[in-house]
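Annotated features in Swiss-Prot:
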type: BINDING; residues: Y119, G184, E199, K200, S217; note: alpha-D-glucose 1-phosphate binding site
Amino acid sequence: MQPEHVAGANMPNAVGNHDPMMRQTVTVILAGGRGSRLEPLTRDRAKPAVPIGGAYRIIDFVLSNCLNSDMRRLLLLTQYKAQSLDRHINVAWRNYFCRELGEFIDVVPPQQRIDDNWYQGTADAVYQNIYAIEREAPEYVVILAGDHLYKMNYESMVNFHHRKGADVTVGALRVSREEARQFGVMQVDTDNRLVEFQEKPENPRPTLDDPDVCLASMGIYVFNTRFLFERLCDDATQPDSDHDFGKNIIPGAIEDSQVFAFPFTDENRKRDAYWRDVGTLEAYYEANMDLVGVDPQLNLYDRQWPIRSFQPQLPPPKFVFGSEGRSSRRGEALDSIVCQGAIISGGCVRRSVIGTGCRINSYAQVEDSILFDDVNVGRHSRIRRAIIDKGVQIPPETEIGYDLALDRARGLTVTDSGLVVIARGEMIASPVSTNGSHDPTSSLTS
């Protein structure tokens, strides 16, 4: 299955091309995911609002793709603990869209316009917002997931959909057979027409050209608007339906409609295509650690396909205290990302992501870790393989990630791989008791 080359598909920074077809398109972004496997990071925020790479949120990648693809009519469907996401959209994204030119990014919580239920599935979420789509009178509706990391030109997919005369087009990604069990798996003919679709099969069928590779659905769809409305309205009347695009809408459409697969066109400009579902703590951690490498797989430095976000009005990061004689008091960070407003004040940072406003105090060590905004690490503390949420205060002389049994006893989240996670609002008692000695029983309380 080979991607078709279309005019403008590889043009640098497609913003401003103003393809008339994109003006006939409304984009619906599903951003209400609970992200339960990312707990406790999603205890107070939806999965798309989880920070990534220090300066971004997960949602910024799909929104940047939209803007770079000249898609400027966006409906963002939220549901679960959306306040953090709502605030981020307001401060980071509103100014990119001009209402006077018919552009918008609207955050749409469940309206209960049709019945008293919350969203019951991906298809039901769109069904409950047919009114919001219909009033814009689009010819095409693009449906995206708001919780994946990748760089893609959606304009190419819409043009492909139009040329094929498709009713629906599904974004397709080549994955290993082992990975394919977590996806919807497709079979296509020589014209990229879907002939079979299985949702998360136990024994996925490989592609015809490679017995070790499967064609997986990316959860990205282009629909003809009228066709979409008809299928959603019919699905809503089916009591045994899961009201899900992968389980119900797409398999049903294959039987009697023009359904095509569009091969993922990567804008990452690296040797290997990049697409990640950071739905587990380990996957999330590895995606961040990739970014601090010498040559990251995810390219954040490509000015032709920028990833945008909110940039706070803070001073640049600062590193203070150099070695004085034999003292180990030296503010430094190597193989790391350090964001605005952070101060490395005599501490040492290695292979870590340091968020805005963090402070690493004298003689502290942070290794292989992710610190969200405004984390304060006390003197002589040591942190290894940890994810620390926003605003957490680490007392002096505290060790995190060195004694996993102690970390569990404190009430911290410790994964099977030994990754330690401290949630926002949790406090760590000082390891130094009132008489100045180390207290091994100090614990964490909310």
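Backbone N, Cα and C define each Cβ position, glycine as well.
Values in this document were obtained by computation on a predicted structure and should not be read as measured data.
The alpha-D-glucose 1-phosphate site in the record is lined by Y119, G184, E199, K200, S217, and its two most distant CA atoms lie 22 Å apart. In the three-state DSSP classification, S217 (alpha-D-glucose 1-phosphate binding site) falls within a strand. Between the binding-site residues E199, K200, S217, S217 has the most other Cβ atoms inside 10 Å of its own Cβ, all protein chains included. Classification of K200 (alpha-D-glucose 1-phosphate binding site) by DSSP places it in coil, neither helical nor stranded.
DSSP gives Y119 (alpha-D-glucose 1-phosphate binding site) a coil state; it is part of no helix or strand. According to DSSP, G184 (alpha-D-glucose 1-phosphate binding site) sits within a strand segment.
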